[in-house]
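Taken from TrEMBL as is:
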- 1-29: signal peptide (SIGNAL)
- 183-441: domain 'Peptidase S8/S53' (DOMAIN)
- Asp192: active site, charge relay system (ACT_SITE)
- His233: active site, charge relay system (ACT_SITE)
- Ser393: active site, charge relay system (ACT_SITE)
- 457-476: transmembrane segment (TRANSMEM)
- 488-509: transmembrane segment (TRANSMEM)
- 537-556: transmembrane segment (TRANSMEM)
- 563-581: transmembrane segment (TRANSMEM)
- 587-607: transmembrane segment (TRANSMEM)
Amino acid sequence: MRTPAALPTALVATLVASALVVTVSAASAQRPERSLVDPSRPSGTTTTVEELLGPLYEPVAIATEGFLSTPEGLGETSWDVPGQIVVDARDDLDAPSLLSLAADFGLAFTPTDLEPTTKMQIASVPAGDMQSVLDRLSRDPRVEFAEPLAKVRASFVPNDPLAGEQWHMQRIGAQRAWDFSAGRGVTVAVVDTGIACEDHGPYTKGSDLAATECAPGWNFVTGTEHANDDQGHGTHVAGTIAQSTNNGIGASGVAFGARLMPVKVLNENGWGTTADVADGIRWAADNGAHVINLSLGGPRNAKVIQKAIDHARSMGAVVVAAAGNTGGSVQYPGASDGVIGVSATDPNDKLASFSSRGEGVDLAAPGVKVVQQTVCNKGRNKCEQFPGWNGTSMASPHVAGAAALVMGLGVTDPAAVEDALRKSARVVDSSDGGKKLYGAGVLDAAEAAVSVTKQHAFTRLVALVLMTAFVARAARKKNKDAKSPLRLDFLLPALAAGPGLFFFAPWLLPRADFWVDVAARPIADLDLLVGVSLHRFLPLANALVPFLFTAVFFGVKRLRPAIAGLAVGTGAYLLSLVALGDAAGPFGRVALVAWCVLNAALCAWIARTNLAETR
């Protein structure tokens, strides 16, 4: 063991100082082959922080900023789980082929939780043979890649509990953003230590999460459906995203109308493995998460995590991750491709001293003294508190919450969500050096929500005017006595189906109110209140609805203008999706555009028929 003098002075450790001890019991241990603790120790013995995390860092001082840092002198290999590797076999290999692969290399494979889908295996390798085995596996045609199994950790350090106001919500313009969106219909997965989302055994749902909906989650530490938080980090992160708001108690959350999905991949000490994080990301995406927050990280650029991120993006999920608290280069997955990497700022929009920086920072967000509810006493006995914590872990969920606000407005393409957040960010330093600190700038959730709302309203109004003019001309060409569209029974349903009958409502009343939100939406966006996943199929944005009205009520002359208006509004909405380019369909962009254009044309024909027929 190196002496403190031999280590960089920047090395810090505030895991409640070096005297803290962690009790390791059989009830809380992970599976032996995947455990971060020494399985040879008898249950019930105590392990000091130095012993438990010794391979990763040595706590030699308390940092003046009070945050946990990674020593610059330690590379990514020091985060690897000794003697363990991850093997990603080809997806078409069956069980006998996997056994044959293991036998050829003299390995015993342990499947990961999602192995039937991913073919990911964990194997133990003698330390001296690690590199040679990895090299041989990487050359084997049955293997997509092999790499060391690495550790990740939660990217935060708590300060003393604070009772002050949430300056960070004011800084990102949350109150103004709530006039335009609350994130309804969006599911945000928190891949972390779990969330106080349910009453189960000794665990209880957080009092300030009582009005927040929680989707079913999964615990990759214990292999159960109960992703309860026994550490506190995940609940604090989740609170920033969707703390119950306007309920007379506690704190507020950025997207309080969103639902939370707890995915536990970190143990009670805040540590986990790259394999579990990858499984957590993939599981969240496969089970309906639209935004995935990763307030965790490590120095290894693990292929297993990158592959999971790529899968999540292909499923239409926005992935947001903390940049890290090293004060040095951005950690992974914050620096991974397809991820919005988030650095941390203070109340003056200055980069926090602990925040990682450099290539990989896409946005900055508040990460100093962030006040949210979390659990204490390992989540037991209804122990709760509202501490102010520091870290990029606290910055990342601000961006995840803002992404939910934007998605709740109908921007369902992950790249378009990121683009909206980047374009609306508050530029602090436009120099090349500044971009490495803040990326596009400091998050401005209000500007993002307002800009998207304006853009959608303007585009849909223009599309409505153009389509109305086209249909009116076509109707008169068919019948010179065709009805004029300049009448209320046409215009009202046209507005309701196009931009929304009360699209201007957010400028008068807060859309945080459910019924204001309903009134401000076009008919085709009402399914967003059920969920983004449903909306991507556009069940209310197609020619079928006006066609059915035509089939049933065409014989009622006085209803024809209203049906025509509904058809024109629906067509205008469909054309706006093409023009805006910010929606994602289940079958890709080309299929979405073709669907929209075809149905818009059918809507135009239906509208013309209803206006032209006067008998």
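Backbone N, Cα and C atoms are what each Cβ position is placed from, and that goes for glycine too.
TrEMBL: automatically predicted annotations, no manual curation.
Each residue contributes its Cα atom, and for Ser393 (active site, charge relay system) and Asp192 (active site, charge relay system) these two points are 10 Å apart. Asp192 (active site, charge relay system) falls within a strand when secondary structure is assigned with DSSP. Other Cβ atoms within 10 Å of the Cβ of Ser393 (active site, charge relay system) number 34 in total over all chains. Residues 467, 470-471, 474-475, 538, 541-543, 546-547, 550, 563-565, 567-568, 570-572, 574-575, 577-578 of the same chain, all 6+ positions outside the transmembrane segment (587-607), place their C-beta atoms under 8 angstroms from a C-beta of that stretch. Other Cβ atoms within 10 Å of the Cβ of His233 (active site, charge relay system), summed over all protein chains shown, number 27. In summary, the transmembrane segment (488-509) does not lie against the transmembrane segment (537-556): fewer than three C-beta pairs, each 6 or more positions apart in sequence, are under 8 Å. Long-range neighbours of the transmembrane segment (563-581) within the same chain, counting only residues 6 or more positions beyond its ends whose Cβ lies under 8 Å from a Cβ of the stretch, are 413, 416, 455-456, 459-460, 463-464, 466-468, 471, 483, 485, 489-499, 522-524, 538, 541-543, 545-546, 549-550, 553-554, 592-593, 596-597, 599-601, 603-604, 606-608, 610-611.
Separating the Cα atoms of Asp192 (active site, charge relay system) and His233 (active site, charge relay system) is a whole-number distance of 7 Å. Confidence across the domain 'Peptidase S8/S53' (183-441), taken as the mean pLDDT and rounded to a whole number, stands at 95. Asp192 (active site, charge relay system) counts 31 other C-beta atoms within 10 Å of its own C-beta, drawing on all protein chains shown.
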